[in-house]
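Annotated in Swiss-Prot:
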- 6-34: motif 'Q motif' (MOTIF)
- 37-208: domain 'Helicase ATP-binding' (DOMAIN)
- Ala50, Gln51, Thr52, Gly53, Ser54, Gly55, Lys56, Thr57: ATP binding site (BINDING)
- 156-159: motif 'DEAD box' (MOTIF)
- 231-378: domain 'Helicase C-terminal' (DOMAIN)
- 552-576: compositional bias 'Basic and acidic residues' (COMPBIAS)
- 552-601: region 'Disordered' (REGION)
Amino acid sequence: MTHIESTFSFLGLNPFIIQSLNEMGYVKPSPIQASCIPLLLEGRDVLGMAQTGSGKTAAFSLPLLHNLNINLKAPQILVLAPTRELAVQVAEAFSDFSKYMIGIHVLPLYGGQRYELQLRALRQGPQIVVGTPGRLLDHLKRGTLNLSNLHGLVLDEADEMLRMGFIEDVETIMAQIPKEHQTALFSATMPEAIRRISKRFMRNPKEIKIQSNITTRPDIKQSYWMVYGRKTDALIRFLEAEDFSATIIFVRTKNATLEVSEALERNGYNSAALNGDMNQALREQTLERLKNGRLDILIATDVAARGLDVDRISFVINYDIPMDSESYVHRIGRTGRAGRAGRALLFVENRERRLLRNIERTMKQSIPEVQLPKVELLCQRRLEQFAKKVQQQLESRDLDEYSALLDKLYSTDDLDIKTLAAALLKMAQGERPLIIKPDVIKRQSRDLLFQDDRRREDNRNSRTRRDRRDINKDAELYRIEVGRNDGVEVRHIVGAIANEGNINSRNIGNIKLFSSYSTIELPKGMSKDLLQTFNRTRILNKPINMKLLRDSRHYENKTTHRSIFNKDKNSNRRVSDGSFNKSNSPKKTEFKSSFFRRRNV
């Protein structure tokens with residue numbers, strides 16, 4: 001399809017959907033949307049090749065919503081996503097687009113949620129279900145997810161599901177769906193396994209291929225920072241270390257604009273929030289203050305910042321990483337205006353590394369990592385700024401009266417002038433001390449790990465890993481009842497554990513494959529609920545029945561000895577690159593809060 005419709009209204013979508021799109025600021029469909037929406041409205045199967053950030057979520061959700069039977073309280077649309085983050089994102093998009101379609105219910109299903117909450121939500125009859133393959137397959141086997149009324153199936157980021165080892169689960173799910181349904185498959189690349197699925201399960205699909213033309217200007221210096229510790233503290237440190245005329249900080253939610261603005265105000269920064277709740281008069285007043293220099297920092301959402309064009313902005317901070325590449329490019333494009341150089345910084349959480357890779361892949365360039373500014377730099381910056389203020393006072397002409405006061409202080413207290421000046425300097429520093437204590441937070445050694453992880457992304461099969469004999473003190477050894485005889489590979493185990501347990505793959509330790517079982521190192525402190533979740537988890541359609549090995553050191557020595565005796569080179573298939581080194585490991589409580597947090601539906 002070559003013709004690109006000028007607006008969404010011309011595509012023939014439900015007026016209530018158009019109302020939501022207008023409110024969200026959608027005007028002109030992207031190429032993938034203009035190509036896919038008419039085909040899906042007609043009931044055709046679609047095979048779409050497009051990068052993340054091309055607008056593919058709207059490309060499949062809008063036409064499927066249009067064809068939905070609101071009165072039927074049963075799953076009619078099923079979306080498979082590789083990660084819980086993407087599942088939540090897609091579910092939120094469906095909810096936003098159907099805001100004015102009264103009676104539409106959307107349910108995300110993924111590992112880590114309590115089953116009773118999911119079962120209760122399923123009994124309410126959601127028309128749209130978005131989930132990860134493992135959890136969806138589990139519900140199908142339990143008989144708690146009824147797909148007899150399904151007419152629309154979407155595979156989002158199919159190549160990512162293949163990479164994470166979920167493709168067998170995907171095929172199992174697709175084999176249980178009624179034959180009379182419509183399928184949309186989206187993938188950034190088209191490996192043979194994805195082609196095989198399209199040939200087996202799709203009916204004469206129309207192939208849509210969209211070439212990414214997202215580019216950034218070379219005069220914008222980009223970098224990212226891997227988040228550790230408190231983001232607000234890091235934000236303040238970056239602002240203090242950076243020379244900027246004005247900066248805009250992008251966040252995802254309206255509440256975040258207020259929270260970040262309040263945090264900056266408490267630390268002496270002249271900032272303001274910009275969100276959709278502001279009336280037009282206040283919005284214009286805020287932007288005018290930014291333009292004329294009475295305001296230096298603006299915290300905004302993507303929607304609120306639409307159309308914002310201020311030449312003073314020299315620094316853009318992505319406090320919350322955008323979910324698509326196009327939004328990232330639009331954000332950072334607001335700096336470096338009027339022939340000036342710009343600077344863009346991206347905060348990346350551990351669980352958001354996939355989004356960073358998507359941005360880099362789409363832009364066809366690598367974004368360098370930066371470190372948190374050191375205390376020495378902050379001390380130097382504060383001293384320089386303080387010296388400027390002192391110099392300004394020295395150049396003023398009204399110091400005579402203060403000189404007289406100084407004489408009184410000096411003669412009364414019998415102090416030498418240097419000690420008195422030091423005392424006054426300490427008093428004058430205010431809330432920003434000129435002498436800063438060394439960093440309390442010790443950064444984990446992420447640099448090589450993260451860079452190596454990205455380099456290994458495309459050549460997993462050729463990687464070799466060093467053997468580690470001992471179990472780290474911050475890890476526990478578990479046994480799972482799947483092994484080489486089941487066709488299991490390390491990538492299958494990593495994908496299942498990371499997705500179902502919401503554990504970053506870097507915190508999965510040594511994995512050893514044996515004939516009928518495998519062993520895996522996981523962080524200490526796993527809750528009973530999470531262990532039960534893993535017990536129900538399936539890999540290649542087989543329950544793993546995870547069990548803690550009490551005498552882990554003895555067991556590890558035993559299996560290592562047996563591996564050497566049998567000369568089984570494949571028994572040591574995966575050893576994490578220092579994930580649990582004592583010097584790099586977070587505290588046990590940090591493991592619990594970061595990796596084992598339970599989420600409700």
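Sequential numbering from 1, following the chain as shown.
Cβ coordinates come from backbone N, Cα and C, glycine included.
A sphere of 10 angstroms centred on the C-beta of Lys56 (ATP binding site) encloses 28 other C-beta atoms.
Secondary structure of the motif 'Q motif' (6-34) per DSSP, as helix, strand and coil residue counts: 18 helix, 0 strand, 11 coil.
The helix, strand and coil residue counts that DSSP assigns across the domain 'Helicase C-terminal' (231-378) are 62 helix, 27 strand, 59 coil.
Long-range neighbours of Gly55 (ATP binding site) (same chain, six or more residues apart, CB within less than 8 Å of its CB): Pro29, Ser30, Ile32, Gln33, Asp324, Glu326. The local packing around Ala50 (ATP binding site), expressed as other Cβ atoms within 10 Å of its Cβ over all shown chains, amounts to 24. Mapped onto DSSP helix, strand and coil, the motif 'DEAD box' (156-159) counts 2 helix, 0 strand, 2 coil.
If you average pLDDT over the motif 'DEAD box' (156-159) in this model, you get 88. A coil conformation is recorded for Gly55 (ATP binding site) in the three-state DSSP classification, outside any helix or strand. Taking the Cβ of Thr57 (ATP binding site) as reference, residues of its chain lying under 8 Å away and at least six apart in sequence are, in sequence order, Gln89, Val90, Ala93, Asp156.
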